[in-house]
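Everything on this sheet refers to the single structure shown next.
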Amino acid sequence: MSDSASPKPKTVDAADRLGTESVGKLLLRFSVPAITGMLVNALYNVVDRIFVGRGVNEVALGGLSLVMPLMTITMAFAMLFGIGSANMISMRLGQGRRQDAENALNHCLILLLVTGLVIMAAGIIFIDPILSILGAQDGSEALDYARRYYRIILYGSVFGMVGFGFSHCTRAQGFPTITMISMLLGAVLNTILDPLFIFVLKWGVEGAAWATIISQLASAIWIISFNSGKKPVIRLKLGAFKPSLRIIIDIMSFGSAQFLLQFVMSGVQLLYNTSMGWYGAITLGVANGGDIALSGMNIVNSISMLIFMPVFGINQGAQPILGYNYGAKKFDRVMSAYLRAITAATAICIVGFIVTESIPLVLIRLFAPDGSAALLSFAPWAMRVAMLMLPLNGFSIVSSNLFVVTGRPKISIVLSLLRQFIILIPCLLIFGKIWQLHGVVAAAPVSDGIAFFLTGGLIIFELKKLNRQKKEMKELAA
């Protein structure tokens, strides 16, 4: 009896500390594992690209770029249910509603499994029609690489969704280190399997795909095993699962901002690929200019991903702190966590800006040491232009998340869409028409700059509201 009862005080404290411990220490404790986890998650794609670029060729990098919109859609659903459930769990724990938090956890796994299986089945059945709209030019060598890679990735869709989506629920309970270990397990395994499958077994892009899905399976098994054990604040109990439309709607509401952002990003990626393929063939002056442009931007996006993942990690690390304390009406702690997260995210973006503007060619050669003259001319220039507004992005990303935890996800959705869709798409279409390939690359930093100022205006009103709530709580306490 003593053994079964002993975990309870520890697990309750793990959540309660969100409302009592120093905000700075909490943010550090939650963000470091989250940053590590997000970087590790990014390494699935980046490591694949490095080994494919070195072990296959630079055109194969373009093939991987073509399937990114499809993989982004898969991750969008993982975020919808994973982040949605995590937001719900942290707020319900802050309100003392433990059973509701546990119900959200059970629903999360079922939603991830069902959606992952549907995506896998639909992708396998309709793979050729889907690939035909990815943006490559007819007869493109990159399109063939995309087909060979994505056909295998589909078989592991459910593993990636469960591992990534469920990690958010684990972090929301106060166990960020477990999430980090889960992602680290997959990334290390992927890094080992990639060179084995690509260089030793000569499997090419197919080897990169197999390495990815095997690694995602390992991560999924780890994170599910933990949540089924005795240590979590709330346990996975599928035997007691009862579908609830209300819970599903709540989860989707809490996760809708990130889902919509990712889904829109998929469409933007598709438009980018189409524009790169079209204008690259015109601008670069080589026979495979479209494929070269795709490969170059794939490398730029890989470096961008490594910079943004720590920012997203800070955002995710701050989420349970913000959500718990807002639910507990500790508005001074909400303000403190938000401002500290903004400072840390901006610092990372400034460092990334300095590095990418200083040594772009060095970074490009990590992926394509023997790249063609066209690639080594275009890609460094594209990196410098694409990263121009990087120092402003940390503020925009963290600020969007604040509106989710304060119960106004619609504003968060609008803010998220500003950078990635509302402003970006017109810039992309207009600039591409005027300046062709160079205009396509310049669209993103222009969009980032405009979105920064619009976000700043909205966040001022939200901070004033939090200050009013803070004063009201003090008056009631007096």
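Glycine is no exception: its Cβ is also placed from the backbone N, Cα and C atoms.
Any TrEMBL annotation is an automated prediction that lacks curation.
Annotated in TrEMBL:
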- 26-47: transmembrane segment (TRANSMEM)
- 59-83: transmembrane segment (TRANSMEM)
- 104-127: transmembrane segment (TRANSMEM)
- 149-166: transmembrane segment (TRANSMEM)
- 178-201: transmembrane segment (TRANSMEM)
- 207-226: transmembrane segment (TRANSMEM)
- 247-272: transmembrane segment (TRANSMEM)
- 337-361: transmembrane segment (TRANSMEM)
- 381-405: transmembrane segment (TRANSMEM)
- 417-435: transmembrane segment (TRANSMEM)
- 441-461: transmembrane segment (TRANSMEM)
For the transmembrane segment (104-127), distant same-chain residues with Cβ under 8 A (at least six beyond the ends): 70, 73-74, 77-78, 81-82, 84-85, 88-89, 92, 147, 150-151, 154-155, 157-162, 165-166, 169, 224, 227, 234-238, 240-241, 243-244, 247-248, 250-251
Interface check, the transmembrane segment (207-226) with the transmembrane segment (178-201), three or more C-beta pairs under 8 A: yes
Selection from 59-83, 149-166, 178-201, 247-272, 381-405, the stretch that has most Cβ pairs under 8 A to the transmembrane segment (417-435): 247-272
Touch test for the transmembrane segment (178-201) and the transmembrane segment (26-47), at least 3 Cβ pairs under 8 Å: yes
Top Cβ-contact partner of the transmembrane segment (59-83) among 26-47, 149-166, 247-272, 381-405 (pairs under 8 Å): 247-272
